[in-house]
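Feature annotations, courtesy of Swiss-Prot:
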TRANSMEM  61-81  transmembrane segment
TRANSMEM  119-139  transmembrane segment
TRANSMEM  148-168  transmembrane segment
TRANSMEM  172-192  transmembrane segment
TRANSMEM  214-234  transmembrane segment
TRANSMEM  252-272  transmembrane segment
TRANSMEM  273-293  transmembrane segment
Amino acid sequence: MAANSAGEYIKHHLGNLTYGKLPEGYVRECHGHAETLSQATWTMACNGTEAKDMGFAAFHVDSLAWSGGLGIIMCLLFWLGARKATAGVPSGFLNFVEIIIEFIDTQVRDSFHGKSKLIAPLSLVIFCWVFLMNLMDLIPVDFIPKTFEWVMVTFFGWSAHEAYFKIVPSTDPNITLGMSFSVMFLIIFLTIKTKGVGGFVGTLALHPFESGNPVVKALLIPINLLLETIALLAKPVSLGLRLFGNMYAGEFVFILLAAMMGTWQFIGAWPWAVFHILVITLQAFIFMVLTIVYLSMAVEEH
């Protein structure tokens, strides 16, 4: 594969199927012809430039669909498992589910020192959901996107270069940061629930610097607020970017192998895929454990 075509191949696989709003007067080249929009229009982006011009209020349809679909599959699997649960010794899939639940329950008991019925189910959902999203990285990079491309070209008249379709939600920072900022809101909620609004404000305004002198204490409040607000925001940012960075790097290696080796990509991809099984499991575990630790810190009494 030539360098230019390899570069285009990689760029195409890193793009998302994007839905957003283009402004009035925007000149777009889509489906083989050019047009000028007479009014602001919500539409699918035909290329990376359009996706960029849609701005922040655009939706990555593929990431949302796959993350939502995998979440539904996860809930369905556990629902079916719960229906078949009996008082006897579990076997097969039920045994697997029981192992996961006991493993996560142990992690929660070891890491969370408060009292909340929310943490264990939340941890189970986070681990299984993130694991399923990461697991999509093991599917050959061209298998589903090429199928989607064929459908859109054959039945909807799209050009092949317009059919962006990513299937690994955790390689999209919008998904990982969305999950991690949800964790931040839970941190705030549990802090207020445990310590009250005054206690929450106190954790931001009265730490880490303290003083018995009222004047000095008042002078330290802006500094404490700045430091603690940064620390609060750093938790979800680092949590989301850690997952995104590791999964994006793994996906990029698969794309590079496919671009360089073509139909022989499976030879090079197999060793990396075997190693990547550890990565996808470890990243789901780390995301879950850090969530438990952050929530435990939120309910600790100082």
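Each residue, glycine too, has its Cβ placed from N, Cα and C.
Keep in mind the model is a prediction, meaning the values are calculated, not measured.
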Intrachain neighbours beyond the transmembrane segment (214-234), with Cβ under 8 angstroms and 6 or more residues off its ends: 184, 187-188, 203-208
Contact set, same chain, for the transmembrane segment (61-81): CB under 8 Å, 6 or more residues outside the stretch: 16-19, 44, 93-94, 97, 125, 128-129, 132-133, 136, 164-169, 172, 174-175
Among 148-168, 172-192, 273-293, stretch most in contact with the transmembrane segment (119-139) (C-beta, under 8 angstroms): 273-293
